[in-house]
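Here's what TrEMBL has on this protein:
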TRANSMEM  12-34  transmembrane segment
TRANSMEM  46-74  transmembrane segment
TRANSMEM  81-104  transmembrane segment
TRANSMEM  110-128  transmembrane segment
TRANSMEM  149-170  transmembrane segment
């Protein structure tokens, strides 16, 4: 009886961490970044750009564009990773939908970049440490991290350079530069969160 209780408790705790992490990411997106036309990197960044250009809801792009990377994750990492990631993406999508009409606390792009990046980084780090991901480029980062000396944050930041370049054409070069600030902060917070939780669960 006791042997079966620990895995269940562990699953519950990890599910709560993924939920909290995904909600922190959705908070950073909808409260700070999206209203100020500042993007995150990876699939999330592409989704923000596509949503802006087409008028289609952000949540839809977040789910659809991640499908190929989920398949890659299933093949290379495993079923448990994909299930955790799907759960996190579902919470993220619901969170962004719920926070859509919440009043924005600041229109200062620098403050939005700093706080948005911090919320994103901590949230993403929690999800990765719990065995999942919220973005296709994070899946690539996790795979490359296993074979190279580069951290997940550094790998993802490198991948996102061209996405920020694209954002310059859509939102303006000042917003692209603020986006770089956001992702620099987010990548540092990802690494810090993962390192800080190394001995947990």
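Positions of Cβ are set from backbone N, Cα and C atoms, glycine also.
With a cut-off of 8 Å between Cβ atoms, the residues of this chain six or more beyond the transmembrane segment (81-104) that come close are 14-15, 18-19, 21-23, 25-27, 29-32, 35-36, 57-59, 62-63, 66, 70, 73-74, 127, 130-134, 139.
Long-range Cβ contacts of the transmembrane segment (149-170) within its own chain (Cβ-Cβ under 8 Å, at least 6 residues beyond either end) map to 39, 41-42, 45-46, 49, 52-53, 121, 128, 135, 137-138, 140-142, 176, 179-180, 183-184, 186-188, 190-191, 194.
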